[in-house]
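Peer 1: Below are the features listed in TrEMBL for this protein:
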type: REGION; residues: 1-35; note: region 'Disordered'
type: COMPBIAS; residues: 18-35; note: compositional bias 'Low complexity'
type: DOMAIN; residues: 38-407; note: domain 'Serine hydroxymethyltransferase-like'
type: BINDING; residues: L150, G154, H155, L156, E274; note: (6S)-5,6,7,8-tetrahydrofolate binding site
type: SITE; residues: H258; note: site 'Plays an important role in substrate specificity'
type: MOD_RES; residues: K259; note: N6-(pyridoxal phosphate)lysine
Amino acid sequence: MPVTDAADASARGTRGTPDAADQAPPSPAYGPSAAALARQDPELAGVLDAERRRQAEGLQLVAAENFASPAVLAALASPLADKYAEGYPGARHHGGCEAADEAERIAAARARALFGAGHANVQPHSGSSAVLAAYAALLRPGDAVLALGLRHGGHLTHGSPANLSGRCFDFTAYRTDPETGLIDYAQVRELAREIRPRALVCGSISYPRHPDYAAFREIADEVGALLIVDAAHPIGLVAGGSAPSPVPYADVVCATTHKVLRGPRGGMLLCGAELAERMDRAVFPFTQSGAQMHTVAAKAVAFGEAATADFSEYTGRVVMNARALAGGLAERGVGIVTGGTDTHLIVADPAPLGVDGRAARARLAAAGIVLDSCALPYGDGRRGLRLGAAAVTTQGMGPPEMAAVAELCAAALLHGPHPDAAARLRGRVRELASAFPRFAGTVAGE
Ligand SMILES: *Cc1c(COP(=O)(O)O)cnc(C)c1O
């Protein structure tokens, strides 16, 4: 967790500003202190500082990442980090849960209001925990489930043999069209009629377009299946009004809180009031025990931020930037799966520049451009690149910078592994990234 000199100063309660808070009697130091960490554990402080520098000096294009606000980070480093609170507000297995109850009530109420959901469970430790809890609530071992195949952008929790989901349930994969990269709804319907799944899962780690939630609902209804939407990626855009909401269509929506949504690392579940009790029991006590109450508090802060006009404006800029970046890459000969994007996310095929996804990721990394490789929809194992525009948008970059980023990416791909060229590009990347310090003026030392 980033710790800052500003937080250190306020934790000490020093600095002679005429603030009322500063005139309160000094309380024992509590809260994150970069200075205390550096004194006590220089080794680990050095590791964290190197990470801080890496984040600040490179271009962060990992589509699942973002920069949480100082307010969100403060909640993460709050006294609730030390609190045990198994159970739900008003019914805990531990004493002293008054503040924890209040924080969770606020977080859940804000999530319900933000997404128009009858019920919100804000306790899942992660997106994966939320998905597994949704399965636990709605499925029995061995049930048939229809989900996007892993080679077409499905998540591990959508039936990978390397994941608990693949062991417990009988998954069948639908695919994206190898020509267009779009979900093949006719195939989804055909497979649904054939296997009669207990649940249909809609969600992907690399789908750059809006899923047609109404089509998924119709198919689910036709075969009597439940519809589970794993909206881990687009939920932040949904919060800002920049993507259609799955909430009116899905039986349950699983989500993360740390991607475009820009909150703490964590998960959540949204459903109708009729499923509330089943969902809650599936999270606690079935798949988790003590919720991370500091994270729950930080989720409340993030939901508060997401309800503002500033946040809507940010999600609009995220999509605008992703489109500008996709356009810039296409101009330089990079293939763009589906021909563009509706979201924060781009799937690019660098093959026309003579390099595959894995080598491309390494060449970009050498230049300080950080992103992921991902499956391309051709179904033949070829890999491409996944880029996201959320973090750079949070930093304040706009379309002119996206043009520069596209040019830097193309240069890094074309120059290949030559160390001199990579070092030169790295300098240009550092210059661009450093001109957009995240939360300029609010985080000391940047
Ligand atoms: C990111 C993601 C998850 C998992 O989130 P974690 O918090 O990493 O567990 C699940 N499903 C999809 C579609 C995702 O993109």
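Cβ atoms here come from the backbone N, Cα and C positions, even for glycine.
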Peer 1: Determine the mean pLDDT over the domain 'Serine hydroxymethyltransferase-like' (38-407), rounding to the nearest whole number.
Peer 2: 97
Peer 1: May I ask which of the recorded positions H155, L156, H258 have a CB within less than 6 Å of any atom of ligand 1, listed in sequence order?
Peer 2: H155
Peer 1: By a simple count of other Cβ atoms within 10 Å, which of L150, L156, the binding-site residues in the record, is least packed?
Peer 2: L156
Peer 1: According to DSSP, does H155 ((6S)-5,6,7,8-tetrahydrofolate binding site) sit in a helix, a strand, or coil?
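Peer 2: Assignment for H155 ((6S)-5,6,7,8-tetrahydrofolate binding site) reads coil.
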Peer 1: For L150 ((6S)-5,6,7,8-tetrahydrofolate binding site) and K259 (N6-(pyridoxal phosphate)lysine), what Cα-Cα distance in Å is obtained after rounding to a whole number?
Peer 2: 20
Peer 1: Return only the integer: C-alpha distance in Å from H155 ((6S)-5,6,7,8-tetrahydrofolate binding site) to the residue listed as 'N6-(pyridoxal phosphate)lysine'.
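Peer 2: Cα to Cα, H155 ((6S)-5,6,7,8-tetrahydrofolate binding site) and the residue listed as 'N6-(pyridoxal phosphate)lysine' are separated by 15 Å.
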Peer 1: Quick one: give me the count of other CB atoms within 10 A of the CB of K259 (N6-(pyridoxal phosphate)lysine).
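Peer 2: Other Cβ atoms within 10 Å of K259 (N6-(pyridoxal phosphate)lysine): 27.
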Peer 1: Could you measure the widest C-alpha to C-alpha distance across L150, G154, H155, L156, E274, the residues recorded as binding (6S)-5,6,7,8-tetrahydrofolate, and give it to a whole number of angstrom?
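Peer 2: This binding site's residues have a maximal Cα-Cα distance of 31 Å.
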